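Notes to accompany the following structure.
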């Protein structure tokens, strides 16, 4: 078929044209020519066609050179491109990021005339011996649609960018050199079904493979594991589809490594009568029974290998296929999702396939790294948001142990209403094809415990059809789907998005009750697992611990999948060579959703966000409780929340801290069965000091390395405050003379007797303009009131320049002028006391002709160089909740000491509604490490519960929260990327009395819980500052 005929057909604008001449979907095939090879997974008859292909991008399909499909076509002037890759990241076209919006006019099934089209050419050489077998080409992923030619002949067409397209090339190939030509179209009718929250990228982005199979071969294998009613003995139901005479035989055997577990089972077609018309002549049904197999779970990923062989009528071996299998049984029973008869608690995360340099291309190394990180941070489940992943991903989840919710490549979020296509019979074939082909490909993986019909496509007749087919074809797994309200008849699991723990999310169309209420609705017996929750956009995840308190309290609340795993930033460099992570709009894509793709728990390079520590803590598998304490010992109860394994590889390490410094430590081995407890007694062997604070830390550590973590890895932590029964000591009272007080013009001068410490206030500004110690300045900027924070993503919400949300925190703060108030010094007075000098400054803050706040600063200075600051704050009644109440000053940047040491909560960033994982102690970090480089710059680096702080040349004492940074709040507010920030030669020290929470139930509504909002009208706080090495 000529290219002009293909153009005229316009398959890419026809929802009925899904796959033309593609082979039926099936489980992955390898075609081993020996049973032992199949058992060992070696010498598969698969040849990778990855590598350098010739490439040229055209503006539209109509502009493609018609001769490019010909063998003789001269492609020497074309460029080279790596396969697999996304062409936008190879120097062609531009990436587009959109969350909801389609990046083209919505008129299904039609797509823009401006439709970039990438043409690929490559060559492969085959021998006469090769041609004796059938040769199949497999494209594991092409976005979004493509036509294929071989030696100038049209082979076929496919769309669905996340599933394989497989063609039989046998009739087109010749001995010697062969030419393949592929025309990939960026926009197709399939794009309407792929409106996921990710980058729109194009090209051949997954592997291309040539599979050689004998003419008589195995076409598909479906293996269904099961356990008996006692969950003890196992069975494997094996259904094999063959392309061979009905006299052929299928030989099946199960192996554990090289050891055969079962005797061979041999059967022929027609061995099961299907209905009154008879049986299949190309399908063989077999069952293997195994006594007490080692069961597969994410905690104990025990795998066996099934080898399925095709024999001719005389018993001669023709071909083998092999699959890793796990004995496990998934059920929704007694209102819970159960595995092997026990309820699960899903510690899950949504994961996009994203690489900062390669886009949607994932290497095995990338996949293993993600899985190891997930396991290290106590995840046990992953949702393939929102499409089937690379085939290798599932094999690795089988091997390392992760539960998988496998999701169909269907999302129509940008349609109005969302279910417009879901309810349209013209699109039913496309829906069914995407779902059934996913199930057919992935059906043998034990890690997949839930099928998902897709994401955010409303609820329509196509969902009911997919659900019905799934329950008939694979009743061994539950189905979930959130669209249409999370509890429709097309889901076995209530799976809402962003439902809160205790409050209702108002929505006229679909219910979003609090999760506690949802499971108590009349006649509702399904489990609830949040398909998305805890929106981790930037500095977020406030109140995450509340979800986990609820999950542990209510058995039918069985966890959820956090949104989401990785920031989808793309590596870019500015004109000065500074690296930054790009997001929507950075490539000239005018239809975009800006940084809404930056909502992961880890940075694009897989560096964890601080929020991941909170997740790790809340999701810990082993918990410790302090049940009793007396003078001699502490009594601990250690609970093993693993469902299927004992603590045979864990030790408990403990330490006692005195004012944050370790004074005693020890360890003990844990021997706790799954779901059980152990009591641990710790003898206290130290003499408590009066007025000291004592804490007990516990760490759960791995004894031996696992495939996903090194020996010594800390999987769980706790901290307990110990009571101190020692008598209080009387404070030492020193009789000191007061510093010298004088006035010079409009300045107030204070100095101690030896002139070592000198302070100066300007009466007109009311500010401390100078603080000298031994002739060296302590300050670069005077301490000032600080009510503002550089807005977080959660503060901004959906507000944009052209789409203002008046309810967003940033808009409410802006309307109140917070951050722009004009300061007026009402008065600045001083007086000399018997042992100190007191300076009092009163400030009024004006905006729009009214006073918004009044603050009174009282400085008390003694002869030892200590400066005590008491601040009284009064706010106007009409103000919104404030971002923070505190002060800010700037210190000189020391040349020899850029570390920060504090006693308080840490060591990582923590905020008032996200500090469950933080521990009290003495912590030291570099100055640079105190700043979190969020891709979209915001306030960061806060540490709470602080008693004292050493930074630069200053020591601070009190009860406060703080952050230090070399970036001003103005820089952090104005910058849109990290490369726009310039390190300043000073240290900004922000000391807060109170700081608003970060929120995180979602990122588009004001989600900071009321108890973490600053709603009072008056505040009072104190801080003591003095020079270090005083």
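Cβ coordinates are placed from backbone N, Cα and C, and glycine is handled just like the others.
Swiss-Prot has this to say about the protein:
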BINDING   99, 197, 456, 532, 533, 534, 535, 599, 1004  substrate binding site
SITE      352  site 'Transition state stabilizer'
SITE      386  site 'Transition state stabilizer'
ACT_SITE  456  active site, proton donor
ACT_SITE  532  active site, nucleophile
BINDING   592  Mg(2+) 2 binding site
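Scoring each of the recorded sites (352, 386) by how many neighbouring Cβ atoms lie within 10 Å, the top position goes to 386. Summarising the environment of residue 535 (substrate binding site), the number of other Cβ atoms within 10 Å of its Cβ, over all protein chains shown, is 24. Look at the Cβ of each of the recorded positions 456, 532 and count the other Cβ atoms within 10 Å; the largest number goes with 532.
You'll find the Cα of residue 532 (active site, nucleophile) roughly 11 Å from the Cα of residue 386 (site 'Transition state stabilizer'). In the three-state DSSP reading, residue 535 (substrate binding site) counts as coil. Long-range Cβ neighbours of residue 1004 (substrate binding site) (same chain, at least 6 residues apart, Cβ-Cβ under 8 Å): 797, 798.
For the substrate site listed in the record, the two most distant Cα atoms among 99, 197, 456, 532, 533, 534, 535, 599, 1004 lie 18 Å apart. The most densely surrounded of the binding-site residues 99, 592, judged by C-beta neighbours within 10 angstroms, is 592. Closest by Cα distance to residue 456 (substrate binding site), from the recorded positions 352, 386, 592, is 386.
The distance from the Cα of residue 352 (site 'Transition state stabilizer') to the Cα of residue 386 (site 'Transition state stabilizer') comes to 7 Å. There are 26 other Cβ atoms within 10 Å of the Cβ belonging to residue 533 (substrate binding site). Here the CA atom of residue 386 (site 'Transition state stabilizer') lies 12 Å from the CA atom of residue 99 (substrate binding site). Recorded residues residue 535 (substrate binding site) and residue 386 (site 'Transition state stabilizer') have their alpha carbons 16 Å apart, per Cα-Cα distance. It is 23 Å from the Cα atom of residue 592 (Mg(2+) 2 binding site) to that of residue 533 (substrate binding site). The DSSP secondary structure for residue 352 (site 'Transition state stabilizer') is coil.
Under DSSP, residue 386 (site 'Transition state stabilizer') is assigned to coil, being neither helix nor strand in the three-state scheme.
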